[in-house]
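Chemist: Supplied in structure tokens, the structure appears directly below.
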């Protein structure tokens, strides 16, 4: 079937696209709502110190999962649909195997962080289990989910990637209790079921391996490593402040910051959906030398995302205290400034629209990586300077500056590519 974005076909309007994405928005919105609900529940059930410990370990697990999956999730999204049918399942199986093996060194890194962190000293065993299961779960879940998206099962991919595990964890925590051991057990069970379900569904979507030559390990890693570095740089920008607050300050400050960051990052929900949906089309068009078609997709969604970014920033500015009050009085008293500053930072992320996925899908990921490295260095330097003195306020300022720089550079590079006569 010809893509709806084909240059010789009528271009659908944005209204038609929004109708098309309604199911995806509901799926991703349900996941975002479940995650928000889980954070609210943990913030209210646990004292800020315990909640901060949980949030710190989850953030550490998210970061380690990026190292463990080696960019294989984005590689599956980009490559599986273009491989011969007989190669697709073997590619997926190898990606899972590599990610599982890479969780071993990732675990050792996390173990060292937890051992030396002030935030986790009193709950060392709980912290180890929580970050380890989060890292393993997210690395395998992401590969399975992106594979489903590559097979045009975007809604199901989003379900496993964003909705199932937080919703099940929320349900289990609400039913079973509020002590830390129970919370960790709920995370373990929900991640185990999510891994089993998503991997099973992804494998079923792929044809059985045929007689075609299996793609070599070297070929897989050549693409994956730059993608992993991009993801790691993004993760450092978004998570290093949480981790450094846990190492240099207190668990209660981690809790305040983590909640503010999660609220601000909710604005990127629709961008996440759009990126996963249009990525295969951009990749296919670029491979066919249809540069105009690829640029047209990006421009259309960029205008829409800019308008949405302005509305969300205004809404957070007006409703900031009411939003934070949901989590408890401590968050309302201490979280207003971090939320506003982070909302400004995420405004740049949303306003940039699908420029990041464009760079990745068109083979310009190395330029994107250079942007991320520059922003990452600035972010870490500002965190190390500001967090010891200003705590949460310093962390949010460092993140907002890094996000603004990264996405401004991304826009400049996109315009340069657009103006260039050749790819």
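Any Cβ shown, glycine's included, is placed from N, Cα and C.
All annotation found in TrEMBL is predicted automatically rather than curated by experts.
Just lifted these from TrEMBL, have a look:
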- 21-47: transmembrane segment (TRANSMEM)
- 53-75: transmembrane segment (TRANSMEM)
- 96-117: transmembrane segment (TRANSMEM)
- 123-145: transmembrane segment (TRANSMEM)
- 157-176: transmembrane segment (TRANSMEM)
- 182-200: transmembrane segment (TRANSMEM)
- 220-237: transmembrane segment (TRANSMEM)
- 257-280: transmembrane segment (TRANSMEM)
- 301-319: transmembrane segment (TRANSMEM)
- 339-361: transmembrane segment (TRANSMEM)
Chemist: Counting only residues 6+ away from its ends, which parts of the chain sit with a Cβ under 8 Å from the transmembrane segment (339-361)?
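Modeler: Same-chain contacts beyond the flanks: 74, 78, 227, 230, 260-261, 263-265, 267-268, 271, 274-275, 278-280, 282-283, 286, 294, 297-298, 301-306, 308-310, 312-313, 316-317, 320, 323-324, 367-368, 393, 396-397, 399-404, 406-408, 410-411, 413-414.
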Chemist: Check the transmembrane segment (182-200) against each of 96-117, 157-176, 257-280, 301-319 and return whichever range has the most CB pairs under 8 Å.
Modeler: 157-176
Chemist: Please report, as numbers and ranges, the same-chain residues at least 6 past the borders of the transmembrane segment (257-280) whose CB is under 8 Å from any CB of it.
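Modeler: Cβ under 8 Å, 6 or more out: 5, 21, 24-25, 28-29, 32, 35-36, 39, 43, 52, 55-56, 59, 77-78, 81, 146, 149-150, 152, 154, 157-158, 162, 238, 241-242, 245, 297, 301, 305, 308-309, 312-313, 316, 323-324, 327, 331, 335, 338-339, 342-343, 345-347, 349-350, 353-354, 356-357, 360-361, 392, 395-396, 399.
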Chemist: The transmembrane segment (157-176): which same-chain residues, six or more beyond its ends, come within Cβ distance under 8 Å?
Modeler: 24, 27-28, 30-32, 34-35, 37-38, 41-42, 45, 137, 141-142, 144-149, 182-183, 185-187, 189-191, 193-194, 197-198, 201, 272-273, 276
